[in-house]
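Report on the structure given below.
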Amino acid sequence: AVLVESLLVFTVVLWVHAVVWDRFSWCALALAVQAFYAQFKWDRLLQLGGAVFQFRGAANSGLLPASMVIPLLGVVMKERCRAAGIVYFERFGVVVASTGMLLALFLSVLAVGITKPVPTNTCILTGVAGSVIIYTMKHSLTVSEVIEVLEVLLIFVYLSMILLYLLPRCFTPGEALLVLGGVSFVLNQLIKRSLNVIEGRGDPIDFFLLVAVVGVVLLGLFFTVLFIFLDSGTWISSMFFHMMTAVLGLGVIMPWLYRLIQRNPLFWLLQFLFQTQTRLYLLVYWTLLAASACGVVFYQNAKRSSESKKHQASTITRKYFHFIVVATYVPGLIYDRQLLHVAAVLCLAVFVFLEYVRYFRIKPFGQTLRDLLSLFLDERDSGPLILTHIYLLLGMSLPVWLFPRSCAPKGTLPGAGALVPYSGVLAVGVGDTIASVFGSTMGEIKWPGTKKTFEGTMTAIFAQIIAVALILIFDSNVNLNSSYAWILASVSLVSLLEAYTTQIDNLLLPLYLQILLMA
């Protein structure tokens, strides 16, 4: 299974390399070869219990698929913005690619360093790949860009040491690279933009995303350290939690956002949300869908109480939420993508805040949330945090947040790139959902080395093709320009990756589909 997963990732890298064919695509190819060897060292460390931190069990390290996401995103973003003539974002793509390669190299060097005896061949490959990447960076990046890349690496190192210690068994090494690497990059971007504020420069919705992500992370770190010394389950601690949340929100996050957008954040948000009648209709519709999702949770818990305390939600029941998320995102993508962008950020902040309330048992809702959400746990929620629903939201939202709007003059990219914002809907909302439902109910032929079925994968591919046809009918902005073969190949490759990966597919699959569609 690991070898097939690696073969699929190599196929993606080679496709992107064939399209781009520059020094950075060659570096990505060298990094993929090096990560393939380093991945087996991490897998051995995990099996023997020799890794520095406690990582999520029942999965391989996932180093290769995770290592290639950020570099490939940077490479394809650079090419799209170069074709559009937007030099600033072309250079931004170069920084993203370089940062991703350096973070992946750091994880590989860490695995090689703690493996005993020292693996000679992997050391040589890591040295060669590192030399190629550093040589390319030396001749491609300016001094300020090199400093920016090193800043992200430094933030990643410290953030990894803190969070992987505080949150054992929540991530695999690959998932830690993706999540903590992303948070490190966002934090560095926020610091950089805060120090270089130019009035009227930058989109407020981008600043809103940066401040929200950094705000919830800092909030979590603050309370984690605080509740080492206090019992978080008492009423006094709970009142202090709510009071400090308000203080940090109104005293730190709001002024920070005010400095960036140069206006009152609350007034800006209210004006933005209720700017048009379409937005009002969408907000009402999304509120009804959120209420229906809550209804599913309460109904399933009532069913558990009447039947058995050990009752767990089935795969099909969990996929109800995927259908609800698809029904949420598709109208937003068709009618108002900016509103969807901001609403997804708000939803992420709420999800993370509620997870803090559940994890710290904050009164009055902490224990209630623990009881309600325990019904929907699966083997991937083996750590102290429940992250599956947050990964689902991230998988649907990242293609919207990472869409290079400035490099798409008409609001959409040409050809298959027009489907980039729909990557989460196609890969997770449609593909993963259909594969799970049909695979668990009608699947008989299993893929070698996995629990996934051939029938599930084939129906997922077919369902995504139908979804693309429906998008063409209902979204007039999408014009594929006869790139149907590339779309079919991309959807098929990502569906096969879903069958073989042991990583969090809600997070990984949309990013790989976005890379292929942007390429």
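First residue shown is number 1, and so on along the chain.
Backbone N, Cα and C define each Cβ position, glycine as well.
TrEMBL: automatically predicted annotations, no manual curation.
Taken from TrEMBL, the feature transmembrane segment covers 7-37, 57-76, 88-112, 118-137, 149-167, 207-230, 239-258, 278-299, 320-335, 382-402, 454-474, 486-513 (among others).
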Listed stretch, out of 149-167, 382-402, 486-513, that has the most CB pairs under 8 angstroms to the transmembrane segment (57-76): 486-513
The transmembrane segment (382-402) versus listed stretches 149-167, 278-299, 454-474, 486-513: most Cβ pairs under 8 Å: 486-513
Residue numbers, six or more beyond the limits of the transmembrane segment (486-513), whose CB comes under 8 Å of its CB atoms: 1, 4-5, 8-9, 11-12, 58-60, 62, 65-66, 69, 73, 172, 174-175, 178-179, 380, 387-388, 391-392, 394-396, 398-399, 415-416, 419, 423-424, 426-428, 431-432, 435, 447, 449-450, 452, 456-457, 460-461, 464-465, 468, 480
Non-local residues, at least 6 beyond the ends, that sit with Cβ under 8 Å of the transmembrane segment (320-335): 278, 282, 285-286, 289, 292-293, 296, 343, 389, 392-393, 396, 400, 421-422, 424-425, 428-430, 432-433, 474-475
